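Features of the protein shown, as given by TrEMBL:
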type: BINDING; residues: LYS11; note: ATP binding site
type: BINDING; residues: SER51, ASP138, ASN150; note: substrate binding site
type: DOMAIN; residues: 277-350; note: domain 'PUA'
Amino acid sequence: MKLGYKKIVVKVGSNVITQANGLPDESRIQHLVDQLAEIKKQGMEVILVSSGAVASGRSLIKVSEKQDAVTTRQLLAAIGQVKLINTYSNFFEPHQIKCAQVLVTKEDFRDRAHYLNMKNCMHILLQNEVIPVVNENDVVSVTELMFTDNDELAGLIASMLNADALIILSNVNGIYNGDPKIEGSAVIEEITGSVNNLASFIQTGKSSFGRGGMVTKSTMAQKVAKLGITVHIANGTTDNVLISLLNKDLIHTRFVPEKIKSGKKKWIAHSETSATGIVKLNDGAKNVLTSGKATSLLPVGIIEIQSDFLKGDIIKIIDESNHLIGLGIAEYGSDKAKERIGQKKQKALVHYDYFYSAI
Ligand SMILES: Nc1ncnc2c1ncn2[C@@H]1O[C@H](COP(=O)(O)OP(=O)(O)O)[C@@H](O)[C@H]1O
Ligand SMILES: N[C@@H](CCC(=O)OP(=O)(O)O)C(=O)O
């Protein structure tokens, strides 16, 4: 295959594997499995992030209209995930490939011990030639505990496993420069760096069974590409989509990766929600820190500690206008940091190796 990746994460959206009538599209699932098996046989490590539990559940049980949305989703996902994983398992079997169910929550990425347990488990599955099939644990992840959607989850998995590429399969050919339904809109084939006006192209509506929509897909894709992982958004309903994409024979959107960041930086990049402290910098410090050079955050550039933290905590670093500059791990607590505000020749609050620039 022309794209010489060694490890890829493939995310399949609900729409790709659900028919218009809401029932699972088994022939589509089988076709995707056949392609994944082919890719694996070529020597690539494959991790699948698949949505579709709720949609599968809908085909198995009729839910009372009186039931609220949260419990309905729990019920459908709990029943549907069994069917979803069985369908994958049955389709992988003729290829002599085993798949494994990995259900995760946001909490598993926040807690470093959980994170490392999950990472070790994934490694052992891959070492044993098993394809992990990952989904959110929708039974316990409700309301604010949920991922924005499985695109966010796929981005986290790709970062955690240092994948070469993340392939997001949706029901459109990629990100269009206008409404995909309107004639004249075309697929943006390559996106480099942070494109400020990207969101303006995207309609806020989502496809019928999806959760996050294209806006969250593009935000996540830019963040993941910044960590050094190529992100592709392509149409999962196109025949042979994965094989064509990997052979550079498909029109779709590709996010060009930046320089590869370390595993620790990748974890920090996705840890904004678990940050405790908030540290405000002056413009001079902001410029140095975001210049791309290896520089640590020194107390001389700090103008305010807005929220307390302990040594080892993730802290948010903001500029004078309160915009996020980056995230880092504190080398000491906020008590010491407060004493050192604006002072020269003090130990760095965040070492360069543990700083992730969000700009
Ligand atoms: N500029 C755009 N380019 C591509 N798709 C867009 C754009 N604006 C809005 N969309 C919508 O985003 C949808 C895909 O997102 P989503 O519903 O989250 O899918 P999935 O279930 O695959 O995660 C498309 O079906 C499309 O209608
Ligand atoms: N975990 C849910 C999927 C939620 C989700 O993000 O869906 P999608 O936007 O189609 O990728 C399920 O399996 O039904």
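Just so you know, glycine gets a Cβ as well, placed from its N, Cα and C.
Curation plays no part in TrEMBL annotations; they are all automatic predictions.
Since we're looking at a predicted model, the values are computed, not measured.
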Surrounding CB atoms that lie within 10 Å of the CB of SER51 (substrate binding site), all protein chains: 28
For ASP138 (substrate binding site), the three-state class that DSSP assigns: coil
Assigned element (helix, strand, coil) containing SER51 (substrate binding site), judged by DSSP: coil
For substrate, whose listed binding residues are SER51, ASP138, ASN150, the greatest C-alpha pairwise distance in Å: 11
Cα-to-Cα gap, SER51 (substrate binding site) vs the residue listed as 'ATP binding site', nearest whole Å: 8
Under 8 Å by Cβ from the residue listed as 'ATP binding site', counting only residues of that chain that are 6 or more apart: LEU48, VAL49, SER50, SER51, ASN150, ASP151, LEU153, ALA154, LEU166, ILE167, ILE168, LEU169
Binding-site residues close to ligand 2 - of LYS11, SER51, ASP138, ASN150, only those whose C-beta is under 6 Å away: SER51, ASP138, ASN150
